[in-house]
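Participant: Per TrEMBL, the feature domain 'Amino acid permease/ SLC12A' maps to 22-440. Taken from TrEMBL, the feature transmembrane segment covers 12-35, 47-68, 89-120, 126-145, 157-176, 196-222, 234-257, 288-309, 329-350, 356-379, 400-418, 424-441.
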Amino acid sequence: MMNNDDNESKNKYLNAYSLTGIGIGSLIGAGFFLGSSLALNQAGPSVVFAYLLGGAIMSQVLGAMTSIGINRSSNRTFRYFSEELLGPYIGTLLGWCVFVSGILTVCSEAIASGVFLSYWFPHVPLTALAYSVLFTVIGINAFGIKKLGFVESGMSFVKISALILFVILGVRFIFLNGTPVVPTPLSGFQAFFPNGISGILQSMLIVIFSYGGVSAVAMASSEVKDPKRDIPKASIMMTLGITFLYSASSILLAFLYRWDLLNTSESPFVTAFTVIGIQSASSIMNTIILISTISVMMASFYSCTRMLVSLSRKNKALIVFAKTTQHMFYRNAWVFVSAVMILIVGISYFVKGNLFSYLISACSYFTFLNWSVNLLTYLTWRKRCSGEEVYRSPLMAGKIGAVAALLSILILVVFSLKTKDFRIGFYVAFAISSIISLVYWSRKIKKIY
């Protein structure tokens, strides 16, 4: 007779390679396809070091999450472990910050989708194009998305293939024709490091946004057949794979087009294919980027709704958001999430091209907060873990790695504040975090008295 563990294992379908594909695919979105322009503006060709550093910090966060997740095997989210080890306030703060970050992510992806659509409809206002995509995503979520996992897995393959193809064609073009950029990035220190080390550090805020979806790997790990065998292997492959794709693609962009001329009016990858001389590839790449962005929006919208429902069930949000219709549809949560997103995207009409950088910078600060909590959770767990919790992720450099990652995050926050657009994102993230904290402690005090 088959026991529960056997049944559970039979129902799980992911192996190391499929988890790697989902992990890499979940990270690649408008944050890289469009945000890389902003990162290149800050650091120039040296942005490659920013993506390498971002990959190193991400590896410690992923290592921390998988170390605890495997030792305390369950289908619970990492927020549960943070609340268990650091207290209910941290759990509440993290839950709401993840929710708000998801809202801002969908809105930034909607703005980016508008930019991608303007490639074919240059005379249509950006806000109208962004709304057309957002309303599509809202409508799809209203009818349920049971096949979302399948769609996301398919898009992961498409996104990874597109970046690999870009790297191959870019290297081939430079090998045959040389770089069209004058002076070449390798002509001197100033050409490669136009804004010095500070430029690299300031670009990190955009870079971190590109790595921000790493928590999706930890969530998907609950569907792995053999966690102790497959998760370590997948974590290493995913970290090396995404870091290579980001680093190689970004340095090729700098060799194919003047980094100081890039902007968020068009994806730099579409621009680069035009330089290479494959006009049809530019259109195909733009199509792939657009579809990929929409798939990320659908997944993020769904996650936002579920997070709001989860907070509501734990009495950390209005109970009305946990109510369902007779068809088990969380209509109130869907309406609230949709209304907030529609309002935020509407702001793009007034702030024009800056809203995208405001949104992703605010998201990045929430990512910094999320990652910091994850690393602090890991350090606390190391102090309290039982003798049976012996698994350590091969990515994790122990307590030293966690502390080094925390210090790196602190330094990056300080340097990012030198950029005006990023400061606005910081103010937004700080204000929202303060409001969440104020509401939590006021309710706590009210219960006491």
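Cβ coordinates are placed from backbone N, Cα and C, and glycine is handled just like the others.
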Participant: Name the range, of those listed as 12-35, 234-257, 288-309, 424-441, that has the largest tally of Cβ pairs under 8 Å with the transmembrane segment (126-145).
Facilitator: 288-309
Participant: Under a criterion of three or more Cβ pairs within a distance under 8 Å and sequence separation of at least 6, are the transmembrane segment (356-379) and the transmembrane segment (157-176) in contact?
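Facilitator: Since fewer than 3 Cβ pairs under 8 Å link them, the transmembrane segment (356-379) and the transmembrane segment (157-176) do not come into contact.
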Participant: Please work out which recorded stretch in 89-120, 400-418, 424-441 has the most C-beta pairs separated by under 8 angstroms from the transmembrane segment (288-309)?
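Facilitator: The stretch I would name here is 89-120.
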Participant: Which sequence-distant residues neighbour the transmembrane segment (424-441)? Criterion: at least 6 residues beyond either end, Cβ under 8 Å.
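Facilitator: 89, 92-93, 96-97, 100, 205, 357-366, 369, 413, 416-417.
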Participant: Could you tell me the mean pLDDT the prediction assigns to the domain 'Amino acid permease/ SLC12A' (22-440)?
Facilitator: 86
Participant: By a Cβ-Cβ criterion of under 8 Å, what residues six or more beyond either terminus of the transmembrane segment (329-350) are in contact with it?
Facilitator: 103-104, 106-107, 110-111, 114, 125-127, 130-131, 134, 138, 141-142, 144, 301, 304-305, 308-309, 312, 320-323, 359
